[in-house]
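Record features, source Swiss-Prot:
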ACT_SITE  H75  active site
ACT_SITE  D126  active site
BINDING   Y55, G57, G59, D76  Ca(2+) binding site
DISULFID  C38-C104  disulfide bond
DISULFID  C54-C151  disulfide bond
DISULFID  C56-C72  disulfide bond
DISULFID  C71-C132  disulfide bond
DISULFID  C78-C125  disulfide bond
DISULFID  C88-C118  disulfide bond
DISULFID  C111-C123  disulfide bond
SIGNAL    1-27  signal peptide
Amino acid sequence: MYPAHLLVLLAVCVSLLGAASIPARPLNLYQFGNMIQCANHGRRPTRHYMDYGCYCGKGGSGTPVDELDRCCQIHDDCYGEAEKLPACNYMMSGPYYNTYSYECNDGELTCKDNNDECKAFICNCDRTAAICFARTPYNDANWNINTKTRC
């Protein structure tokens with residue numbers, strides 16, 4: 001093997017080792033954001049739901065501050081149920097990483113029939129939450145709250 005080939009091989013190995021230490025990004029959350037935009041016809045940016053109340057965003061605890069926050073609590077619980085399914089219990093198959101097939105037609109969301117059991121469950125979690133977000137009032141006072149004192 002030529003020295004140049006060894007250098008290329010070494011560079012590839014180092015790159016792969018570095019990539020292995022980078023946590024994977026939740027691919028499904030991108031789809032969930034698109035579902036939210038479909039259901040609310042783009043009236044409110046998805047980022048407004050990332051840090052709302054006690055449950056919208058990472059984690060969640062306490063009592064939901066309003067109906068919109070309750071939508072997020074139900075969504076969190078739905079993802080928790082998905083994680084218990086045997087079909088969702090293998091590497092990178094859980095609700096945060098497993099992508100699914102769906103359609104958006106004029107604000108109507110449909111999970112496609114070609115989803116396996118896990119994908120169908122996750123898709124329905126996201127669909128239900130997106131519809132809930134679209135029909136529930138948004139209270140600006142509940143965005144970016146102090147969760148330590150209010151939740």
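Cβ atoms are placed via backbone N, Cα and C, with glycine included.
Distribution of Swiss-Prot features across the structure.
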{"residue": "C54", "record": "disulfide bond", "DSSP (3 states)": "coil"}
{"residue": "G59", "record": "Ca(2+) binding site", "DSSP (3 states)": "coil"}
{"residue": "H75", "record": "active site", "DSSP (3 states)": "helix"}
{"residue": "C88", "record": "disulfide bond", "DSSP (3 states)": "helix"}
{"residue": "C118", "record": "disulfide bond", "DSSP (3 states)": "helix"}
{"residue": "C151", "record": "disulfide bond", "DSSP (3 states)": "coil"}
For C123 (disulfide bond), the one of Y55, G59, H75, D76 that lies nearest, given that the recorded positions are compared by Cα:
H75
Minimum Cα separation from C71 (disulfide bond), reported as the residue among disulfide-bonded residues C88, C111, C118 that achieves it:
C111
Using a 10 Å cut-off on Cβ-Cβ distances across all protein chains shown, tell me which of the disulfide-bonded residues (C56, C88, C151) has the largest neighbour count.
C56
Take the Cβ of C38 (disulfide bond) and count every other Cβ within 10 Å, whichever protein chain it belongs to.
21
Hey, which of the disulfide-bonded residues C54, C104, C118, C123, C125 is the loneliest by Cβ count within 10 Å?
C104
Return only the integer: C-alpha distance in Å from G59 (Ca(2+) binding site) to C151 (disulfide bond).
12
Give the sequence-ordered set of same-chain residues, not counting Y55, G57, G59, D76, with Cβ within 8 Å of the centre of the Cβ atoms defining the Ca(2+) site.
C54, C56, K58, G60, S61, C72, Q73
Pick the one among the disulfide-bonded residues C71, C72, C132 whose Cβ has the fewest other Cβ atoms within 10 Å in this structure.
C132
